[in-house]
């Protein structure tokens with residue numbers, strides 16, 4: 001089918017299901033199906049809340065062993081997997097494999113509903129929830145539901161105010177590693193994502209995706225309250241706060257709350273008297 005080779009026959013069997021679409025392993029709680037049995041085992045932990053993998057450095061627990069392995073590198077700073085094309089380093093081999101698809105342009109995972117293609121299977125699974133409206137992951141502090149498990153982890157930092165990722169150039173801290181990576185490009189001037197329609201370059205891949213929709217006119221994200229459509233998912237999230245009046249961003253100096261992160265950033269300049277635009 002694709003001439004890919006494997007060390008074990010079982011790995012080949014699992015791989016072939018990507019081509020055939022076969023998903024023989026079914027969750028008896030929600031009915032969701034999977035290509036591989038180990039995917040089903042990991043999925044069931046969403047329902048049970050089981051986190052059998054424990055970090056011996058900070059006592060944090062995880063539902064998957066690869067999540068624990070990646071987490072431990074936060075303590076050690078180790079990034080043993082290096083891209084031989086651009087030199088970027090990663091904590092996990094899987095992350096390097098996925099990263100290389102940016103260079104090759106390979107997008108193996110295709111949505112059977114709208115045809116959109118993805119580099120990662122996890123991205124496809126998350127994308128499909130846009131169509132189904134499924135939100136499996138809940139914040140145990142405020143009850144908010146999310147389509148992705150990492151989104152809950154990041155969301156909880158709004159409550160805890162944890163910012164574990166620090167810029168070694170200017171010291172600024174961030175909720176997400178991706179935000180730190182994108183921030184560093186402000187210092188380096190790197191803009192690795194290019195529009196093949198007009199040639200414009202961007203710091204973030206999401207910025208490029210949003211920009212391309214200016215050319216296509218696509219607005220795939222819809223508000224389920226009023227039906228308004230948007231070209232970017234983040235815009236829907238911000239828009240919904242008009243309906244819910246949610247203001248999740250709080251000023252730690254005066255306590256004032258805002259619906260958007262950009263609004264609180266601008267507001268804080270009242271206290272700091274910062275004037276960044278000259």
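Every residue gets a Cβ built from N, Cα and C, even glycine.
Nobody curates TrEMBL annotations by hand; they come from automatic prediction.
What TrEMBL says about this one:
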type: DOMAIN; residues: 1-24; note: domain 'C2H2-type'
type: DOMAIN; residues: 25-52; note: domain 'C2H2-type'
type: DOMAIN; residues: 53-80; note: domain 'C2H2-type'
type: DOMAIN; residues: 81-108; note: domain 'C2H2-type'
type: DOMAIN; residues: 109-136; note: domain 'C2H2-type'
type: DOMAIN; residues: 137-164; note: domain 'C2H2-type'
type: DOMAIN; residues: 165-192; note: domain 'C2H2-type'
type: DOMAIN; residues: 193-220; note: domain 'C2H2-type'
type: DOMAIN; residues: 221-248; note: domain 'C2H2-type'
type: DOMAIN; residues: 249-276; note: domain 'C2H2-type'
Whole-number mean of pLDDT values that fall within the domain 'C2H2-type' (109-136): 84
For the domain 'C2H2-type' (165-192), what are the same-chain contacts with Cβ under 8 Å, counting residues 6+ beyond its ends? 102, 154, 157-158, 201-204
Can you work out which residues elsewhere in the same chain, 6+ from the ends of the domain 'C2H2-type' (193-220), have a Cβ less than 8 Å from its Cβ atoms? 114, 130, 182, 185-186, 229-232, 234
Contact set, same chain, for the domain 'C2H2-type' (221-248): CB under 8 Å, 6 or more residues outside the stretch: 130, 133, 158, 206, 209-210, 213-214, 257-260
Same-chain residues at least 6 beyond the ends of the domain 'C2H2-type' (109-136) with CB under 8 Å of its CB atoms are 18, 21, 46, 98, 101-102, 145-149, 220-221, 224, 233
Going along the chain, which residues at least six beyond the ends of the domain 'C2H2-type' (1-24) come within the CB cut-off of under 8 Å? 33-36, 108-109, 112
